[in-house]
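Record features, source Swiss-Prot:
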| type | residues | note |
| --- | --- | --- |
| BINDING | 25, 82, 127, 466 | (6S)-5-formyl-5,6,7,8-tetrahydrofolate binding site |
| BINDING | 233-238, 252-258, 277-280, 346-349, 369-371 | GTP binding site |
| BINDING | 233, 252, 254, 257 | K(+) binding site |
| BINDING | 237, 258 | Mg(2+) binding site |
| DOMAIN | 223-388 | domain 'TrmE-type G' |
(Lines of atoms letter the chains of each structure in order from A and count residues from 1; the text may use other names and numbers.)
(Lines give C-alpha, C1' and ligand atoms only; values in the text may rest on other atoms or scores of the structure.)
Protein backbone atom coordinates (compact mmCIF):
# COMPACT_ATOMS: atom_id res chain seq x y z
CA UNK A 1 0.00 0.00 0.00
CA UNK A 2 1.31 3.44 -0.91
CA UNK A 3 2.33 5.70 2.03
CA UNK A 4 -0.65 8.03 1.65
CA UNK A 5 -2.98 5.04 1.91
CA UNK A 6 -1.72 4.32 5.42
CA UNK A 7 -2.67 7.78 6.72
CA UNK A 8 -5.85 8.05 8.78
CA UNK A 9 -8.37 10.26 6.98
CA UNK A 10 -11.40 12.35 7.90
CA UNK A 11 -14.08 14.17 5.91
CA UNK A 12 -17.66 15.35 5.95
CA UNK A 13 -19.47 12.45 4.29
CA UNK A 14 -22.79 14.14 3.52
CA UNK A 15 -23.53 16.53 0.67
CA UNK A 16 -22.84 20.26 1.12
CA UNK A 17 -25.69 22.40 2.38
CA UNK A 18 -28.25 22.09 5.14
CA UNK A 19 -30.03 18.89 6.11
CA UNK A 20 -31.58 17.04 9.00
CA UNK A 21 -28.45 14.94 9.51
CA UNK A 22 -24.80 15.44 8.63
CA UNK A 23 -22.01 12.89 8.98
CA UNK A 24 -18.30 13.25 9.70
CA UNK A 25 -16.38 10.07 8.90
CA UNK A 26 -12.95 8.96 10.12
CA UNK A 27 -11.06 5.92 8.79
CA UNK A 28 -7.67 4.55 9.78
CA UNK A 29 -5.76 1.92 11.68
CA UNK A 30 -6.17 1.73 15.45
CA UNK A 31 -8.24 4.86 15.97
CA UNK A 32 -9.63 3.68 19.31
CA UNK A 33 -7.81 6.41 21.27
CA UNK A 34 -9.29 9.07 18.99
CA UNK A 35 -12.75 7.57 19.46
CA UNK A 36 -12.29 7.85 23.23
CA UNK A 37 -11.14 11.46 22.95
CA UNK A 38 -14.00 12.54 20.70
CA UNK A 39 -16.79 10.64 22.42
CA UNK A 40 -15.60 10.65 26.02
CA UNK A 41 -16.00 6.91 26.29
CA UNK A 42 -15.33 3.65 24.49
CA UNK A 43 -18.05 2.73 22.03
CA UNK A 44 -19.64 -0.65 21.58
CA UNK A 45 -18.84 -1.78 18.01
CA UNK A 46 -21.58 -1.39 15.42
CA UNK A 47 -24.09 0.13 17.83
CA UNK A 48 -25.35 3.71 17.72
CA UNK A 49 -24.55 5.69 20.87
CA UNK A 50 -26.33 8.96 21.62
CA UNK A 51 -23.97 11.48 23.20
CA UNK A 52 -22.87 15.14 23.22
CA UNK A 53 -20.11 16.35 20.92
CA UNK A 54 -17.77 18.80 22.65
CA UNK A 55 -14.81 20.94 21.65
CA UNK A 56 -11.40 20.83 23.36
CA UNK A 57 -12.61 23.20 26.10
CA UNK A 58 -15.59 20.98 26.89
CA UNK A 59 -18.11 23.33 25.29
CA UNK A 60 -21.00 21.68 23.48
CA UNK A 61 -20.89 21.61 19.69
CA UNK A 62 -23.98 19.44 19.19
CA UNK A 63 -25.46 16.15 20.26
CA UNK A 64 -26.05 13.16 18.08
CA UNK A 65 -25.06 9.58 17.30
CA UNK A 66 -21.63 8.00 17.18
CA UNK A 67 -20.96 4.64 15.50
CA UNK A 68 -17.70 2.73 15.64
CA UNK A 69 -16.86 -0.04 13.16
CA UNK A 70 -13.60 -1.85 14.02
CA UNK A 71 -11.54 -3.34 11.21
CA UNK A 72 -12.04 -5.38 9.15
CA UNK A 73 -15.82 -5.20 9.43
CA UNK A 74 -16.29 -1.70 8.07
CA UNK A 75 -16.85 0.09 4.78
CA UNK A 76 -13.14 0.75 4.24
CA UNK A 77 -11.77 -2.37 5.91
CA UNK A 78 -10.09 -0.11 8.51
CA UNK A 79 -11.40 1.20 11.83
CA UNK A 80 -14.19 3.65 10.99
CA UNK A 81 -15.90 6.23 13.20
CA UNK A 82 -19.01 8.08 12.08
CA UNK A 83 -20.33 11.11 13.96
CA UNK A 84 -23.93 11.92 13.02
CA UNK A 85 -24.95 15.43 14.00
CA UNK A 86 -27.49 17.98 12.82
CA UNK A 87 -26.79 18.79 9.20
CA UNK A 88 -25.81 22.44 9.38
CA UNK A 89 -22.57 23.35 7.60
CA UNK A 90 -21.17 25.24 10.61
CA UNK A 91 -21.81 22.33 12.97
CA UNK A 92 -20.13 19.88 10.61
CA UNK A 93 -17.12 22.14 10.12
CA UNK A 94 -16.75 22.41 13.91
CA UNK A 95 -16.89 18.63 14.24
CA UNK A 96 -14.36 18.22 11.45
CA UNK A 97 -12.01 20.70 13.11
CA UNK A 98 -12.46 18.91 16.44
CA UNK A 99 -11.43 15.59 14.86
CA UNK A 100 -8.24 17.11 13.45
CA UNK A 101 -7.50 18.89 16.73
CA UNK A 102 -8.03 15.81 18.91
CA UNK A 103 -5.82 13.73 16.62
CA UNK A 104 -2.73 15.92 17.07
CA UNK A 105 -1.41 13.96 20.02
CA UNK A 106 -3.05 10.65 19.12
CA UNK A 107 -3.07 10.28 15.32
CA UNK A 108 -0.72 13.03 14.12
CA UNK A 109 -0.98 11.89 10.49
CA UNK A 110 -4.76 12.31 10.36
CA UNK A 111 -5.58 14.41 7.30
CA UNK A 112 -8.51 15.47 5.19
CA UNK A 113 -9.60 12.77 2.76
CA UNK A 114 -9.29 13.26 -0.96
CA UNK A 115 -12.33 12.74 -3.23
CA UNK A 116 -13.28 9.07 -3.30
CA UNK A 117 -10.57 8.05 -0.84
CA UNK A 118 -12.86 6.14 1.52
CA UNK A 119 -14.09 4.02 -1.38
CA UNK A 120 -10.53 3.67 -2.66
CA UNK A 121 -9.57 2.25 0.76
CA UNK A 122 -12.46 -0.20 0.47
CA UNK A 123 -11.11 -1.33 -2.91
CA UNK A 124 -7.50 -1.58 -1.73
CA UNK A 125 -8.58 -3.57 1.32
CA UNK A 126 -10.59 -6.03 -0.82
CA UNK A 127 -13.98 -4.98 0.51
CA UNK A 128 -15.19 -4.32 -3.03
CA UNK A 129 -13.71 -4.69 -6.50
CA UNK A 130 -13.24 -1.86 -8.98
CA UNK A 131 -16.51 -2.43 -10.83
CA UNK A 132 -18.39 -2.24 -7.52
CA UNK A 133 -16.50 0.91 -6.53
CA UNK A 134 -17.54 2.58 -9.77
CA UNK A 135 -21.11 1.41 -9.19
CA UNK A 136 -21.22 3.45 -5.97
CA UNK A 137 -20.56 6.64 -7.93
CA UNK A 138 -23.02 5.54 -10.62
CA UNK A 139 -25.72 4.91 -8.02
CA UNK A 140 -25.21 8.40 -6.58
CA UNK A 141 -25.23 9.98 -10.05
CA UNK A 142 -28.12 7.92 -11.49
CA UNK A 143 -30.57 10.13 -13.38
CA UNK A 144 -33.31 7.52 -13.85
CA UNK A 145 -34.87 4.75 -11.79
CA UNK A 146 -33.60 2.14 -14.25
CA UNK A 147 -30.06 3.51 -13.97
CA UNK A 148 -30.26 3.43 -10.17
CA UNK A 149 -31.45 -0.18 -10.18
CA UNK A 150 -28.74 -1.14 -12.64
CA UNK A 151 -26.07 0.52 -10.51
CA UNK A 152 -27.43 -1.28 -7.45
CA UNK A 153 -27.05 -4.61 -9.24
CA UNK A 154 -23.46 -3.76 -10.12
CA UNK A 155 -22.80 -2.71 -6.53
CA UNK A 156 -24.21 -5.99 -5.25
CA UNK A 157 -21.73 -7.81 -7.50
CA UNK A 158 -23.89 -8.99 -10.42
CA UNK A 159 -21.55 -7.58 -13.07
CA UNK A 160 -18.43 -8.74 -11.22
CA UNK A 161 -19.78 -12.29 -10.92
CA UNK A 162 -20.33 -12.37 -14.68
CA UNK A 163 -16.73 -11.24 -15.20
CA UNK A 164 -15.40 -13.80 -12.71
CA UNK A 165 -17.32 -16.57 -14.49
CA UNK A 166 -15.75 -15.56 -17.79
CA UNK A 167 -12.33 -15.35 -16.17
CA UNK A 168 -12.64 -18.80 -14.60
CA UNK A 169 -13.54 -20.34 -17.96
CA UNK A 170 -10.65 -18.50 -19.55
CA UNK A 171 -8.20 -19.64 -16.87
CA UNK A 172 -9.31 -23.25 -17.38
CA UNK A 173 -8.72 -22.94 -21.12
CA UNK A 174 -5.34 -21.30 -20.53
CA UNK A 175 -4.30 -24.14 -18.23
CA UNK A 176 -5.26 -26.63 -20.92
CA UNK A 177 -3.29 -24.87 -23.66
CA UNK A 178 -0.23 -24.13 -21.54
CA UNK A 179 -0.14 -27.68 -20.22
CA UNK A 180 -0.23 -28.87 -23.81
CA UNK A 181 2.82 -26.71 -24.52
CA UNK A 182 4.72 -28.75 -21.94
CA UNK A 183 3.85 -32.01 -23.75
CA UNK A 184 4.16 -31.14 -27.45
CA UNK A 185 4.21 -34.76 -28.57
CA UNK A 186 0.56 -35.09 -27.43
CA UNK A 187 -0.74 -31.67 -28.37
CA UNK A 188 -3.28 -32.56 -31.09
CA UNK A 189 -4.97 -35.47 -29.32
CA UNK A 190 -4.89 -33.70 -25.98
CA UNK A 191 -6.61 -30.56 -27.29
CA UNK A 192 -9.24 -32.55 -29.12
CA UNK A 193 -9.90 -34.80 -26.16
CA UNK A 194 -10.46 -31.80 -23.92
CA UNK A 195 -12.63 -30.14 -26.62
CA UNK A 196 -10.67 -26.90 -26.47
CA UNK A 197 -12.55 -25.62 -29.50
CA UNK A 198 -15.90 -26.25 -27.83
CA UNK A 199 -14.75 -24.55 -24.64
CA UNK A 200 -13.62 -21.51 -26.60
CA UNK A 201 -16.93 -21.36 -28.48
CA UNK A 202 -18.87 -21.50 -25.21
CA UNK A 203 -16.67 -18.77 -23.80
CA UNK A 204 -17.33 -16.54 -26.81
CA UNK A 205 -21.09 -17.06 -26.49
CA UNK A 206 -20.98 -16.19 -22.79
CA UNK A 207 -18.93 -13.10 -23.57
CA UNK A 208 -21.48 -12.01 -26.19
CA UNK A 209 -24.27 -12.19 -23.59
CA UNK A 210 -22.25 -10.15 -21.10
CA UNK A 211 -21.39 -7.57 -23.77
CA UNK A 212 -25.05 -7.22 -24.71
CA UNK A 213 -26.13 -6.62 -21.11
CA UNK A 214 -23.20 -4.32 -20.46
CA UNK A 215 -24.01 -2.22 -23.53
CA UNK A 216 -27.58 -1.83 -22.27
CA UNK A 217 -26.23 -0.78 -18.88
CA UNK A 218 -23.86 1.72 -20.47
CA UNK A 219 -26.83 3.20 -22.32
CA UNK A 220 -28.71 3.62 -19.03
CA UNK A 221 -25.71 5.43 -17.58
CA UNK A 222 -24.73 7.64 -20.50
CA UNK A 223 -27.85 8.00 -22.64
CA UNK A 224 -27.57 9.58 -26.08
CA UNK A 225 -27.44 13.15 -27.38
CA UNK A 226 -30.36 14.03 -29.66
CA UNK A 227 -30.33 17.34 -31.55
CA UNK A 228 -33.48 18.87 -33.03
CA UNK A 229 -32.63 20.75 -36.23
CA UNK A 230 -34.49 22.39 -39.07
CA UNK A 231 -35.65 25.66 -40.53
CA UNK A 232 -37.05 28.46 -38.33
CA UNK A 233 -40.62 27.95 -37.15
CA UNK A 234 -40.66 24.25 -38.00
CA UNK A 235 -41.73 23.56 -34.42
CA UNK A 236 -38.40 22.55 -32.86
CA UNK A 237 -39.06 24.27 -29.53
CA UNK A 238 -42.59 22.89 -29.45
CA UNK A 239 -41.21 19.40 -29.99
CA UNK A 240 -38.73 19.79 -27.14
CA UNK A 241 -41.52 20.98 -24.86
CA UNK A 242 -43.74 18.08 -25.93
CA UNK A 243 -41.03 15.48 -25.31
CA UNK A 244 -40.14 17.03 -21.94
CA UNK A 245 -43.74 17.54 -20.87
CA UNK A 246 -42.92 21.10 -19.80
CA UNK A 247 -42.66 24.59 -21.28
CA UNK A 248 -38.88 24.80 -21.42
CA UNK A 249 -38.36 26.72 -24.65
CA UNK A 250 -40.12 29.90 -25.75
CA UNK A 251 -42.56 29.28 -28.58
CA UNK A 252 -43.76 32.16 -30.81
CA UNK A 253 -44.81 32.48 -34.46
CA UNK A 254 -41.81 34.78 -34.98
CA UNK A 255 -39.06 33.07 -36.96
CA UNK A 256 -35.70 33.05 -35.21
CA UNK A 257 -37.04 33.14 -31.64
CA UNK A 258 -34.53 30.51 -30.50
CA UNK A 259 -31.07 32.10 -30.57
CA UNK A 260 -29.15 29.60 -28.45
CA UNK A 261 -29.48 25.96 -27.54
CA UNK A 262 -31.99 24.75 -24.96
CA UNK A 263 -31.14 21.37 -23.47
CA UNK A 264 -33.23 18.97 -21.42
CA UNK A 265 -32.65 15.38 -20.35
CA UNK A 266 -35.75 13.25 -20.70
CA UNK A 267 -36.16 9.55 -20.10
CA UNK A 268 -37.95 6.93 -22.13
CA UNK A 269 -38.23 3.51 -20.45
CA UNK A 270 -35.41 4.60 -18.14
CA UNK A 271 -33.05 5.55 -20.97
CA UNK A 272 -31.79 9.15 -20.62
CA UNK A 273 -31.97 11.20 -23.80
CA UNK A 274 -30.18 14.55 -23.79
CA UNK A 275 -32.40 16.51 -26.19
CA UNK A 276 -31.17 19.84 -27.56
CA UNK A 277 -33.32 22.46 -29.29
CA UNK A 278 -31.27 24.65 -31.63
CA UNK A 279 -31.61 27.86 -33.59
CA UNK A 280 -33.40 27.62 -36.93
CA UNK A 281 -31.02 26.95 -39.80
CA UNK A 282 -31.06 29.64 -42.48
CA UNK A 283 -29.01 32.46 -43.97
CA UNK A 284 -29.26 35.52 -41.71
CA UNK A 285 -27.94 39.08 -41.54
CA UNK A 286 -28.52 39.21 -37.78
CA UNK A 287 -25.16 38.76 -36.05
CA UNK A 288 -26.65 37.25 -32.88
CA UNK A 289 -28.76 34.81 -34.88
CA UNK A 290 -25.71 33.81 -36.95
CA UNK A 291 -23.86 32.96 -33.73
CA UNK A 292 -26.81 30.82 -32.66
CA UNK A 293 -26.86 29.04 -36.02
CA UNK A 294 -23.12 28.35 -35.79
CA UNK A 295 -23.66 26.85 -32.34
CA UNK A 296 -26.50 24.75 -33.74
CA UNK A 297 -24.15 23.22 -36.30
CA UNK A 298 -21.60 22.56 -33.55
CA UNK A 299 -24.23 20.66 -31.57
CA UNK A 300 -25.30 18.74 -34.66
CA UNK A 301 -21.70 17.67 -35.32
CA UNK A 302 -21.54 16.05 -31.87
CA UNK A 303 -24.97 14.41 -31.94
CA UNK A 304 -25.70 10.71 -31.57
CA UNK A 305 -28.93 11.29 -33.53
CA UNK A 306 -30.55 14.22 -35.33
CA UNK A 307 -34.27 14.96 -35.58
CA UNK A 308 -34.59 16.90 -38.85
CA UNK A 309 -37.86 18.78 -38.43
CA UNK A 310 -40.01 19.75 -41.43
CA UNK A 311 -43.14 21.92 -41.50
CA UNK A 312 -45.88 20.09 -43.39
CA UNK A 313 -47.91 23.28 -43.80
CA UNK A 314 -45.10 24.90 -45.80
CA UNK A 315 -44.01 21.88 -47.83
CA UNK A 316 -45.95 23.10 -50.86
CA UNK A 317 -43.50 25.97 -51.25
CA UNK A 318 -40.69 25.29 -53.72
CA UNK A 319 -38.44 27.69 -51.81
CA UNK A 320 -39.08 25.82 -48.58
CA UNK A 321 -38.20 22.52 -50.24
CA UNK A 322 -35.02 23.99 -51.70
CA UNK A 323 -33.97 25.33 -48.29
CA UNK A 324 -34.69 21.95 -46.70
CA UNK A 325 -32.65 20.21 -49.37
CA UNK A 326 -29.73 22.56 -48.69
CA UNK A 327 -29.88 21.73 -44.98
CA UNK A 328 -30.05 18.01 -45.76
CA UNK A 329 -26.96 18.31 -47.97
CA UNK A 330 -25.02 20.11 -45.23
CA UNK A 331 -26.14 17.53 -42.68
CA UNK A 332 -24.80 14.70 -44.81
CA UNK A 333 -21.46 16.48 -45.12
CA UNK A 334 -21.06 17.47 -41.48
CA UNK A 335 -22.39 14.44 -39.65
CA UNK A 336 -20.01 11.55 -38.93
CA UNK A 337 -20.80 8.34 -40.76
CA UNK A 338 -23.44 6.24 -39.06
CA UNK A 339 -25.21 9.05 -37.17
CA UNK A 340 -28.93 8.53 -37.89
CA UNK A 341 -31.13 11.38 -39.12
CA UNK A 342 -34.86 11.03 -38.50
CA UNK A 343 -37.10 13.12 -40.75
CA UNK A 344 -39.85 14.43 -38.49
CA UNK A 345 -42.82 15.90 -40.33
CA UNK A 346 -44.49 18.30 -37.90
CA UNK A 347 -47.85 20.11 -37.77
CA UNK A 348 -49.81 17.09 -38.95
CA UNK A 349 -52.85 18.51 -37.13
CA UNK A 350 -52.82 21.54 -39.46
CA UNK A 351 -52.52 19.35 -42.55
CA UNK A 352 -54.72 16.36 -41.64
CA UNK A 353 -54.84 14.90 -45.15
CA UNK A 354 -51.10 15.10 -45.68
CA UNK A 355 -48.76 12.15 -45.62
CA UNK A 356 -45.07 12.38 -44.87
CA UNK A 357 -43.45 13.35 -48.18
CA UNK A 358 -40.72 11.07 -49.41
CA UNK A 359 -37.30 12.70 -49.53
CA UNK A 360 -34.44 11.30 -51.55
CA UNK A 361 -32.27 9.09 -49.37
CA UNK A 362 -34.69 9.27 -46.45
CA UNK A 363 -34.47 6.15 -44.30
CA UNK A 364 -36.54 7.03 -41.22
CA UNK A 365 -39.58 9.31 -41.00
CA UNK A 366 -42.19 10.19 -38.40
CA UNK A 367 -45.42 12.14 -38.94
CA UNK A 368 -46.49 14.05 -35.83
CA UNK A 369 -47.96 17.13 -34.24
CA UNK A 370 -45.91 18.62 -31.43
CA UNK A 371 -48.97 20.69 -30.47
CA UNK A 372 -51.45 17.82 -30.03
CA UNK A 373 -49.05 14.98 -29.27
CA UNK A 374 -50.05 12.95 -32.32
CA UNK A 375 -47.16 10.69 -33.32
CA UNK A 376 -45.03 11.37 -30.23
CA UNK A 377 -45.16 7.75 -29.10
CA UNK A 378 -43.95 6.66 -32.53
CA UNK A 379 -41.04 9.09 -32.25
CA UNK A 380 -40.20 7.82 -28.76
CA UNK A 381 -40.08 4.24 -30.03
CA UNK A 382 -37.89 5.38 -32.92
CA UNK A 383 -35.48 7.07 -30.50
CA UNK A 384 -35.23 3.95 -28.35
CA UNK A 385 -34.49 1.89 -31.44
CA UNK A 386 -31.77 4.34 -32.49
CA UNK A 387 -30.28 4.26 -29.00
CA UNK A 388 -30.07 0.48 -29.19
CA UNK A 389 -32.37 -0.17 -26.24
CA UNK A 390 -33.83 -3.64 -26.50
CA UNK A 391 -36.10 -4.00 -23.51
CA UNK A 392 -36.65 -2.98 -19.93
CA UNK A 393 -35.88 -6.52 -18.80
CA UNK A 394 -34.63 -7.20 -15.30
CA UNK A 395 -30.99 -7.97 -14.79
CA UNK A 396 -29.32 -5.10 -16.65
CA UNK A 397 -26.35 -3.77 -14.72
CA UNK A 398 -24.58 -0.46 -15.16
CA UNK A 399 -21.39 -0.54 -17.19
CA UNK A 400 -18.97 2.20 -18.18
CA UNK A 401 -17.25 2.99 -21.46
CA UNK A 402 -14.00 1.48 -20.17
CA UNK A 403 -15.82 -1.77 -19.36
CA UNK A 404 -17.21 -1.95 -22.90
CA UNK A 405 -13.75 -1.24 -24.30
CA UNK A 406 -12.25 -4.01 -22.17
CA UNK A 407 -14.93 -6.51 -23.25
CA UNK A 408 -14.31 -5.64 -26.89
CA UNK A 409 -10.60 -6.26 -26.35
CA UNK A 410 -11.43 -9.66 -24.84
CA UNK A 411 -13.60 -10.44 -27.85
CA UNK A 412 -10.82 -9.48 -30.26
CA UNK A 413 -8.28 -11.68 -28.45
CA UNK A 414 -10.71 -14.62 -28.40
CA UNK A 415 -11.27 -14.20 -32.14
CA UNK A 416 -7.52 -14.40 -32.70
CA UNK A 417 -7.32 -17.40 -30.38
CA UNK A 418 -10.09 -19.16 -32.32
CA UNK A 419 -8.28 -18.50 -35.59
CA UNK A 420 -5.12 -20.08 -34.18
CA UNK A 421 -6.99 -23.05 -32.78
CA UNK A 422 -8.84 -23.74 -36.03
CA UNK A 423 -5.78 -23.46 -38.26
CA UNK A 424 -3.80 -26.44 -39.49
CA UNK A 425 -0.99 -26.98 -37.04
CA UNK A 426 -2.04 -24.30 -34.51
CA UNK A 427 0.71 -22.14 -33.03
CA UNK A 428 0.05 -22.93 -29.39
CA UNK A 429 2.38 -20.25 -28.09
CA UNK A 430 0.38 -17.59 -29.98
CA UNK A 431 -2.88 -19.16 -28.79
CA UNK A 432 -1.67 -19.05 -25.19
CA UNK A 433 -0.63 -15.41 -25.57
CA UNK A 434 -4.04 -14.36 -26.94
CA UNK A 435 -5.76 -16.08 -24.02
CA UNK A 436 -3.41 -14.36 -21.56
CA UNK A 437 -4.16 -10.96 -23.09
CA UNK A 438 -7.89 -11.70 -22.95
CA UNK A 439 -7.61 -12.49 -19.24
CA UNK A 440 -5.65 -9.29 -18.59
CA UNK A 441 -8.38 -7.26 -20.31
CA UNK A 442 -11.04 -8.92 -18.13
CA UNK A 443 -9.02 -8.24 -15.00
CA UNK A 444 -8.97 -4.50 -15.67
CA UNK A 445 -12.75 -4.43 -15.18
CA UNK A 446 -12.65 -5.68 -11.61
CA UNK A 447 -9.29 -4.10 -10.84
CA UNK A 448 -7.20 -7.23 -10.46
CA UNK A 449 -4.79 -5.80 -13.00
CA UNK A 450 -5.11 -2.02 -13.15
CA UNK A 451 -2.63 0.84 -13.34
CA UNK A 452 -2.37 3.42 -10.55
CA UNK A 453 -3.13 6.13 -13.12
CA UNK A 454 -6.50 4.55 -13.90
CA UNK A 455 -7.31 4.25 -10.20
CA UNK A 456 -6.56 7.94 -9.77
CA UNK A 457 -8.92 8.89 -12.58
CA UNK A 458 -11.74 6.68 -11.28
CA UNK A 459 -11.67 7.68 -7.62
CA UNK A 460 -11.02 11.38 -8.22
CA UNK A 461 -14.50 11.60 -9.78
CA UNK A 462 -16.13 10.72 -6.43
CA UNK A 463 -17.35 13.29 -3.94
CA UNK A 464 -15.27 14.01 -0.84
CA UNK A 465 -16.29 11.80 2.07
CA UNK A 466 -17.22 8.81 -0.11
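Every residue gets a Cβ built from N, Cα and C, even glycine.
Between residue 369 (GTP binding site) and residue 82 ((6S)-5-formyl-5,6,7,8-tetrahydrofolate binding site), the C-alpha separation comes to 55 Å. Ranked by Cβ neighbours within 10 A across all protein chains shown, the binding-site residues 127, 236 are led by 236. The two recorded residues, residue 279 (GTP binding site) and residue 237 (Mg(2+) binding site), show a Cα separation of 9 Å. Here residue 347 (GTP binding site) is compared against the binding-site residues 25, 82, 127, 237, and the shortest C-alpha distance is to 237. Looking at residue 236 (GTP binding site) and residue 82 ((6S)-5-formyl-5,6,7,8-tetrahydrofolate binding site), their Cα atoms lie 51 Å from each other. Spacing of residue 25 ((6S)-5-formyl-5,6,7,8-tetrahydrofolate binding site) relative to residue 237 (Mg(2+) binding site) is 47 Å (Cα to Cα, whole number). Distance noted between the C-alpha atoms of residue 127 ((6S)-5-formyl-5,6,7,8-tetrahydrofolate binding site) and residue 237 (Mg(2+) binding site) is 49 Å. Rounded to a whole number, the distance between the Cα atoms of residue 82 ((6S)-5-formyl-5,6,7,8-tetrahydrofolate binding site) and residue 237 (Mg(2+) binding site) is 49 Å. The local packing around residue 237 (Mg(2+) binding site), expressed as other Cβ atoms within 10 Å of its Cβ over all shown chains, amounts to 23. Across the structure, residue 82 ((6S)-5-formyl-5,6,7,8-tetrahydrofolate binding site) and residue 233 (GTP binding site) place their CA atoms 57 angstrom apart. Looking just at the domain 'TrmE-type G' (223-388), the mean pLDDT is 86.
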